[in-house]
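The repeat 'ANK' feature in TrEMBL is assigned to 67-99. Sequence annotations record features per position, and here TrEMBL assigns transmembrane segment to 266-283, 295-315, 352-377, 383-401, 422-444, 456-477, 497-519, 531-550, 562-587.
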């Protein structure tokens, strides 16, 4: 300001004074905004080193007045290696890109450029070259360190966690974070998420979406353009897309422009496919009236594409909003600041109405058109039909060539850098070749504008182009989650097939040569007349096609048993190696690739979906991109009337307020209300819902911890303040000065806790450090309070009254308060440390317990198995004994039966003998009966006894 004061005195030119004043003000503003750059510019290196610690200006802030360079770029290009070392120690960004003469340079590339240019200049001193080499070595060492150091990642994590949640989204910091470690990006994304009871709300989505003039400033572009040879690193980067905020960004981009562009492209591609197929079908056909079905299909396809192309324009943000409002209240008046309840559901209904409009419009137009066109087709319509079909094909392919050119131009860098990135994709290479052949060879030949190629070759080329275009249509499957994961998996399968082909080609070529050498002179053996025939015959053995008639019993080879036996052995060897071994190897390899692909299929499908959206986005102009994010961009000075009042605004933290209403006009328009829409938890998947729940609990636990510390600290201070107020009732000289100091200290302590609440919640590993940092700030305020109280005048009477009332001195009460606050913080630190230690110890204990449980279970199972084995053996023994006993019993029964049979035979013979004996006795006793009757009566002996 001394220069400005000097201008006020003495004679001066008013115009010159105003110009000087303007220059001085600009310089002062520059020094205020970019203090580090100015110190480097004026070579105040010592002051710069001291200011790095205390400066609140970002080290990575570029100065537009100094070729848009950061402090690190200035120090490196000027050869101040000591300053470069200091900046690198404070984590200055080494990945920022600078543009010079239309070429991109990083910091190390700028230093290399200076060294290369100085090699041909003798005016550059050798000391400056040495300093540049030192700076380059420092940069390379730091880059290598950061690429492989977990310490650097943790430093970045602690630095990013110290940022407040209400800070705007910084794409540069986000790009730097995910380049160091993809999981660091979740810190930035979680700041935009607020978990409610039934819904999720978002903030700062427009910044993550990227509403600038360049698509390269979006978070999606930064993530999808990460490159690394580390597969695990890239998988963690792809998992970042599963974050609910990124999913919301993808949904918004799909709604704003991607869905419309995708439908436009797929309709145009259907026209290409149908036109190409019909064109090849009608190739060299003089009577096109014989193909009414093909002409009808072509007409319906063309009408559907034209009608659909017009209907899909209603998917633009403004028309879609109007349709949603019409479904809401029946009005078509555009009022961008009007809040429509349940807008997302109304948009879904509006989209179905658009689909119905396209289908009905196609039927209404195509049916009368077919009734008019088909009768007009006759023998003389060949030229007209050919020009219409091939002309449509040529125009549709031109549309896709123009899209590919816009995609090519949408990337950054030089022409050759863009070409290198673009042609790295196999799909892009195949598309360009197919489109150029259609435009420059096939269609001109069909329209008889060029006849340098044989007609049969053109027919074969058309067939190949038809097949190629149908295969290239697989790229549109990436949008659908049901089949999008198959595209990344196919690349792995094709790689497996290629690896298999290297092994198979050795056997295929070798066996082709052998069979050709054996049979090419034998005219009676078919299939081996030439090398090509031999190759085909042996190749189809892979699929089980054997020419076994060559070795039949009536074969001509039977005349030569040596050739017959040798060829049979070759055939058996061929079948065994190719069909059994190599095919099984291929199946096993592909099966492993598919299993591995299914594990990561969800992540790969989401990555393919995001890449498809980004490819569609880069085809838009900056103005078109802006129109997609804004629902209305009125002329300057015409601000619409907001229908929301302050009383209707929900009471939410400022960090969670969306900028759709509050900050829309700083972007030059009204942001699409979809940015402020909430997402129901019921619409989320189980994994996403669990992740949001973990975030909510993590933040809740941290907030409760800080709130408890704040409550206990303020209670201790208010207790001391209450003691002072109570003592004031017993003295004529109250403690006004002490109470004033306490009243000033309490808001400062509250401000410390408020700053802590604004910052991001730390991880479990860094909570202890964050609590210790918070305690240092609180302790600093308490020490300042103690210092202010010690500077007050000493009053013996007041001290005596305080000691009489409370039994201790005021200094002792304050010391006890500080000690109590210290204990509260120590208790929290000990609790967190113990929890962190318990996490590791609990894991080891859980492992030990699980091992012990597993060992116990195995022992119990083994003992049970042994018992079961013993019981089974006992049962088997009992069964065997019972079987043996049963055999003995059966033998005894057999013997007994034999004995009984013998006894029965004996009894029967005895009965027969008795019967014969009795009959003999009767016959002998009848003549003597009368003579012996008297004697029998005398003896009283019955005749039967005799």
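Each Cβ is built from the backbone N, Cα and C atoms, and glycine gets one as well.
Predicted automatically and left uncurated, TrEMBL annotations should be read as such.
Since we're looking at a predicted model, the values are computed, not measured.
Remote same-chain partners of the transmembrane segment (266-283), defined as residues 6 or more beyond its termini with a Cβ less than 8 Å from a stretch Cβ, comprise 291, 294-295, 297-298, 301-302, 304-305, 308-309, 312, 385-386, 389-390, 392-393, 396-397, 399-400, 438, 442, 446, 458-459, 462-463, 465-466, 469-470, 473, 476. Broken down with DSSP, the repeat 'ANK' (67-99) shows 16 helix, 3 strand, 14 coil. Taking residue pairs at least 6 apart in sequence, the transmembrane segment (531-550) and the transmembrane segment (497-519) share three or more C-beta contacts under 8 angstroms. The stretch with the most CB contacts under 8 Å to the transmembrane segment (562-587), chosen from 295-315, 352-377, 456-477, 531-550, is 531-550. Annotation: stretch 295-315 has the most Cβ pairs under 8 Å to the transmembrane segment (352-377), among 295-315, 383-401, 456-477, 531-550. Long-range Cβ contacts of the transmembrane segment (531-550) within its own chain (Cβ-Cβ under 8 Å, at least 6 residues beyond either end) map to 504, 508, 511-513, 515-516, 519-520, 525, 557, 567, 571, 574-575, 578-579, 583.
Residues of the same chain lying 6 or more positions beyond the ends of the transmembrane segment (456-477) and with a Cβ under 8 Å from any Cβ of it are 262, 265-266, 269, 272-273, 276-277, 279-280, 283-284, 427, 430-431, 434, 437-438, 441-442, 445-446, 483-484, 486-487, 612.
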